[in-house]
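Feature annotation from Swiss-Prot assigns transmembrane segment to 33-53, 77-98, 113-133, 178-198, 226-246, 288-308, 320-340, 347-367. If you look up Swiss-Prot, you'll see His83, His182 marked as heme b b562 binding site. Sequence annotations record features per position, and here Swiss-Prot assigns heme b b566 binding site to His97, His196 based on similarity to another entry. Here Swiss-Prot flags His201 as ubiquinone binding site, drawing on similarity to another entry.
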Amino acid sequence: MTIMRKKHPLIKIINHSFIDLPAPSNISSWWNFGSLLGLCLIIQILTGLFLAMHYTPDTTTAFSSVTHICRDVNNGWLIRYMHANGASMFFICLFLHVGRGMYYGSYNMIETWNMGIILLFAVMATAFMGYVLPWGQMSFWGATVITNLLSAIPYIGTTLVEWIWGGFSVDKATLTRFFAFHFILPFIITALVLVHLLFLHETGSNNPIGLNSNADKIPFHPYYTIKDLLGAFILLMAFMILTLFFPDILGDPDNYTPANPLNTPPHIKPEWYFLFAYAILRSIPNKLGGVLALILSILILAIMPLLHTSKQQTLTFRPITQTMYWILVADLFVLTWIGGQPVEYPFTIIGQTASIAYFAIIVILMPIAGMIENNILDLN
């Protein structure tokens with residue numbers, strides 16, 4: 001078996017990725033989220049496949065087909081709620097995974113990091129289009145509002161929006177193409193994940209102290225296979241509690257009303273995992289400015305390697321930058337809360353302050369903190 005594992009053209013790739021892979025001996029549970037994201041992706045593809053068997057991407061029947069899945073299909077309610085809440089679990093793992101990368105300076109592995117940013121954009125696009133498919137009120141108006149933002153692009157904006165809509169409003173053509181894209185994107189994401197792993201295995205994993213761990217490596221199996229399995233069980237436990245006991249807690253009640261172009265919901269807001277970006281978008285009174293801020297809120301991750309001023313890679317031994325980091329985390333919670341509130345005083349001013357703080361901490365305060373720490377430790 002050993003010979004087969006190491007010699008077979010296909011199996012040896014798996015062997016070098018998950019079995020005989022040399023891994024640092026001290027990586028903590030923060031390194032579990034990569035495998036958990038893989039698990040989330042598999043759950044989403046499988047549940048999505050079964051939903052697609054019963055779903056009809058047509059404005060007249062989409063809402064009814066989702067109702068039909070929940071009422072008439074064997075365990076359809078479970079598949080539907082697993083898919084909806086699976087997206088939430090996916091984003092929780094994503095945010096923790098990115099947060100881990102920021103804390104431990106993993107952005108210095110530039111190819112892996114940039115691939116991760118592309119993956120983040122792809123997952124966000126997939127989730128947005130998936131939210132449109134049930135064709136409830138929030139689906140329809142969310143699609144209308146977000147696609148409409150592209151009209152802020154000078155000169156080609158309006159043409160671009162109508163091209164994406166396939167008409168003069170969000171309608172049958174829009175729903176059909178969103179379903180097509182929503183179906184294909186997870187497979188593209190799977191391919192990108194393999195590239196992400198390919199880049200990661202060029203350098204090997206980072207570790208909590210940020211030092212080179214080549215002198216002290218252990219095989220991935222059994223040490224990290226069993227550790228990942230424990231993480232998977234904890235995730236599945238939380239996931240099933242959410243799905244079976246509180247399936248609608250993260251959803252919007254408005255989406256149980258069929259889409260009606262003649263009736264606008266009082267508060268149009270996206271799913272919770274987009275609220276921080278939505279708050280940043282709304283905090284700028286100019287349409288184009290808001291769109292740019294929205295894109296930059298994620299794209300800013302790409303310049304993190306350039307903003308790294310410290311002589312140490314991780315934040316493990318850097319209390320000043322640590323403080324900045326946790327203020328940033330708190331700021332993201334504030335933005336998430338504001339994104340779900342109506343546009344009125346005092347929420348607007350809180351949102352603007354939190355948006356400024358978000359960019360200021362990443363671009364100004366954390367790099368300065370790194371330089372101060374270098375001076376304190378006399379590392380210059």
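Cβ from N, Cα, C; glycine included.
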Checklist entry - Near the transmembrane segment (33-53), which residues from the same chain, at least 6 beyond its ends, have a CB less than 8 A from one of its CBs? => result 69, 79-80, 82-83, 86-87, 89-90, 93-94, 96-97, 100, 130, 182-183, 186-187, 189-190, 193, 228, 231-232, 235-236, 239
Checklist outcome for this item: By Cα geometry, the one of the binding-site residues (His97, His196, His201) nearest His83 (heme b b562 binding site) is His97
Next on the checklist: My understanding is the cutoff is Cβ-Cβ under 8 Å with a sequence separation of 6 or more in the same chain; which residues meet that for His97 (heme b b566 binding site)?
Outcome noted: Phe33, Gly34, Leu37, Gly116
Checklist entry - Minimum Cβ neighbour count within 10 Å among the binding-site residues His83, His196, His201: which residue? => result His201
Checklist entry - Between His182 (heme b b562 binding site) and His196 (heme b b566 binding site), what is the CA-CA distance rounded to a whole number of Å? => result 21
Checklist entry - Which stretch, 77-98, 288-308, 347-367, tops the Cβ pairs under 8 Å count with the transmembrane segment (226-246)? => result 77-98
Next on the checklist: Taking 10 A as the limit, how many CB atoms besides its own sit near the CB of His182 (heme b b562 binding site)?
Outcome noted: 21
Next on the checklist: Quick check: in three-state DSSP terms, what is His83 (heme b b562 binding site)?
Outcome noted: helix
